[in-house]
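Undergrad: A single structure is presented below for examination.
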């Protein structure tokens, strides 16, 4: 049996997505590992999708959370990059094969054997990974990030998913090569508001695209967008046809792509980042007649993620957050489902994750040699 350390978090046990106190085990810190005491963890929209099994591949119990900032409390003997007491981060992935074409190009996020921070098997198949809604995590040092000085631990946490999710496609699809290009950001939520900030830091002229005008003043006056386009205003949409070089589509709900394609210039590029539950219709005619492109992007590799953190620290880019207690997570998930957050929930794990000593132990199961105990 693998050596284990006791750990505690909040887990979903079924498709209701309700999170409850949960005792489980982490592996012992190995020679290549870093043990992290978790201070803060962001709440990503994919956490909501996963705990409710919207994508059909959830395996319960699940402790979500892949926007983790904490303190290194142990380092393995082969680890030279980190030392005890360092402020570190853990993002969406915690393992890959390290030998495929993608890994050799620092694109571990596209490795066929990528290991996700939660709802996945460990690299050796002996245990199930659990995420950052918990007190501690043990991670291979190659998938641990250094949090730069000046980057806050709480509002910096969402950058480990939301930040790299918008930063990587901006680099790959050529949005950073020439300042003054026009970028449309469809949707002003957890991803969208970071896309505005990073886009402006890259010298782009940013237009927020939204269904309503409620966030217009905030987008322009506080987030720094250059303009705001309401998709229900037919006259403004007509005036904006062919004005944008790029569009980053952050919307996860079902929506039409044709109005967005019409906004692109010839050779324009639309990059989809949201993950709707159902496939979207792709209007081929608009692409062909305008030599336009549609692409996608999934987070980034470790090297690029570290680069993104340094970039955000330099430009003082953080997420706009609402700090919550662990006990507030279920109401936060309900609000997230209604897009009732500006713009990211972050759990104050260190100050609010408290075991309930009086709670009754209801279930205990053994999963590939790893004992998991659920408490409610």
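Keep in mind that glycine also has a Cβ here, set from the backbone N, Cα and C atoms.
Pasting the relevant annotations from Swiss-Prot:
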type	residues	note
BINDING	44, 66, 67, 161	Zn(2+) 1 binding site
BINDING	46, 165, 187-192, 210-215, 250, 274, 297-299	NADP(+) binding site
BINDING	97, 100, 103, 111	Zn(2+) 2 binding site
Undergrad: Please report how many Å separate the Cα atom of residue 188 (NADP(+) binding site) from that of residue 44 (Zn(2+) 1 binding site), as a whole number.
TA: 14
Undergrad: Cβ within 8 Å of the Zn(2+) 1 site's Cβ centroid: which residues qualify beyond 44, 66, 67, 161?
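TA: The answer, listed by sequence position, is 41, 42, 43, 46, 47, 65, 68, 91, 92, 117, 132, 157, 158, 160, 162.
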Undergrad: Among the binding-site residues 97, 100, 111, 191, 211, 299, which ones place their C-alpha within 10 angstroms of the C-alpha of residue 161 (Zn(2+) 1 binding site)?
TA: 191, 299
Undergrad: To which of the binding-site residues 44, 100, 103, 111, 161 does the lowest count of other Cβ atoms within 10 Å belong?
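TA: Least crowded of the binding-site residues 44, 100, 103, 111, 161, by Cβ count within 10 Å, is 100.
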Undergrad: Measuring Cα to Cα, how many Å separate residue 46 (NADP(+) binding site) from residue 67 (Zn(2+) 1 binding site)?
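TA: Cα-Cα distance, residue 46 (NADP(+) binding site) to residue 67 (Zn(2+) 1 binding site): 11 Å.
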Undergrad: Work out the three-state DSSP category of residue 191 (NADP(+) binding site).
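TA: Assignment for residue 191 (NADP(+) binding site) reads helix.
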Undergrad: How long is the line from the C-alpha of residue 97 (Zn(2+) 2 binding site) to the C-alpha of residue 299 (NADP(+) binding site), rounded to the nearest angstrom?
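TA: On Cα coordinates alone, these residues lie 17 Å apart.
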Undergrad: Which one, from the binding-site residues 66, 211, has the smallest tally of other C-beta atoms lying within 10 Å of its C-beta?
TA: 211
